[in-house]
Amino acid sequence: MQIVHTLADLRAALAPVRRSAGTIAFVPTMGNLHEGHLALVRQARERVGAAGTVVASIFVNRLQFAPHEDFDRYPRTLARDAELLAPAGCDLVFAPAEAELYPQPQTFKVQPDPALAELLEGHFRPGFFTGVCTVVMKLFSIVQPQVAVFGKKDYQQLMVLRRMVEQFALPIEVLGGETLRAHDGLALSSRNGYLGAAEREQALQLSAALRDLLGAVRAGGAPLETLEAQACTALRAQGWLPDYLCVRRRTDLLPPGADEIAAGLPLVALGAARLGNTRLIDNLEG
């Protein structure tokens with residue numbers, strides 16, 4: 001496995017692949033990798049086969065962090081990450097410095113569709129999806145993959161990026177990787193490392209709240225808004241500060257109508273809440 005830090009070295013490393021018309025699968029990450037990231041790399045490898053090339057990027061993207069968020073304390077663990085990526089099937093790691101990817105202020109940005117990007121995460125983290133779309137579009141332009149793999153744990157992000165690829169007619173197949181969970185059900189996340197021992201145990205309450213909410217919505221008997229408000233109240237009583245707990249249509253993340261719920265329309269429960277100093281997200285389809 002090769003590790004490169006500059007655009008010139010990346011392009012040189014990929015030149016033989018392009019000359020041979022090989023398939024490139026790309027897995028963008030911010031590093032501090034866990035088994036969920038490695039599963040995405042394995043999925044990329046499986047998609048392109050032994051003859052393909054799997055590229056992973058490691059870059060903590062300042063554009064998607066608000067000033068009060070955890071950009072400065074987000075762990076940078078390149079040496080450890082590289083040790084994990086090689087046996088997972090990665091061929092090439094692109095780990096640029098900020099000045100390499102943004103040599104001057106990034107004044108041209110990708111503004112995602114507000115109908116999707118200003119809901120939920122976009123509402124509570126203004127500018128987040130603009131930062132995500134801008135860096136991913138830039139990385140797509142640099143790497144020029146035929147396949148890209150993103151985790152379904154970031155459910156709304158995956159939807160936004162799929163729409164971006166579609167809207168710009170990019171020749172990229174976007175794959176979603178299933179959320180991996182610890183043995184007790186906690187969704188794997190780089191930010192789980194911020195949790196203390198007691199918080200780590202308590203963190204299971206978020207997925208439990210989503211599961212209960214989804215079940216209550218499917219059972220009917222109360223309006224969706226009432227059930228969502230009750231779920232937030234219950235989680236708040238357990239010491240959390242919820243941004244949202246909601247059930248939405250999988251197609252557009254809009255609230256389902258009562259008739260759609262009764263008809264068994266595919267739904268997803270999504271939640272974001274702060275436990276102590278750590279903001280966690282999760283989702284469950286059902």
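Residue numbers in this text run from 1 along the chain shown.
In case you wondered, yes, glycine gets a Cβ from its N, Cα and C as well.
Keep in mind that this is a model prediction, so the values were computed, not measured.
Swiss-Prot lists 30-37, 151-154, Leu180, 188-191 with the feature ATP binding site. If you look up Swiss-Prot, you'll see His37 marked as active site, proton donor, on the strength of sequence analysis. Residues or ranges marked as beta-alanine binding site by Swiss-Prot on the basis of sequence analysis: Gln64. Under the heading (R)-pantoate binding site, Swiss-Prot lists Gln64, Gln157.
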Distance, Gln157 ((R)-pantoate binding site) to Gln64 (beta-alanine binding site) (CA atoms, angstrom): 12
Residue with minimal Cβ packing [other Cβ atoms within 10 Å] among the binding-site residues Gln64, Ser190: Ser190
In sequence order, the binding-site residues (Lys152, Gln157, Leu180) whose C-alpha falls within 10 A of His37 (active site, proton donor): Leu180
Most Cβ neighbours inside 10 Å, all chains, among the binding-site residues Met30, Leu33, Leu180: Leu33
Least buried by Cβ count (within 10 Å) of the recorded positions His37, Lys152: Lys152
The one of Gly36, Gln157 whose CB sees the fewest other CB atoms within 10 Å, among these binding-site residues: Gly36
For Gly36 (ATP binding site): DSSP state (helix, strand, coil): helix
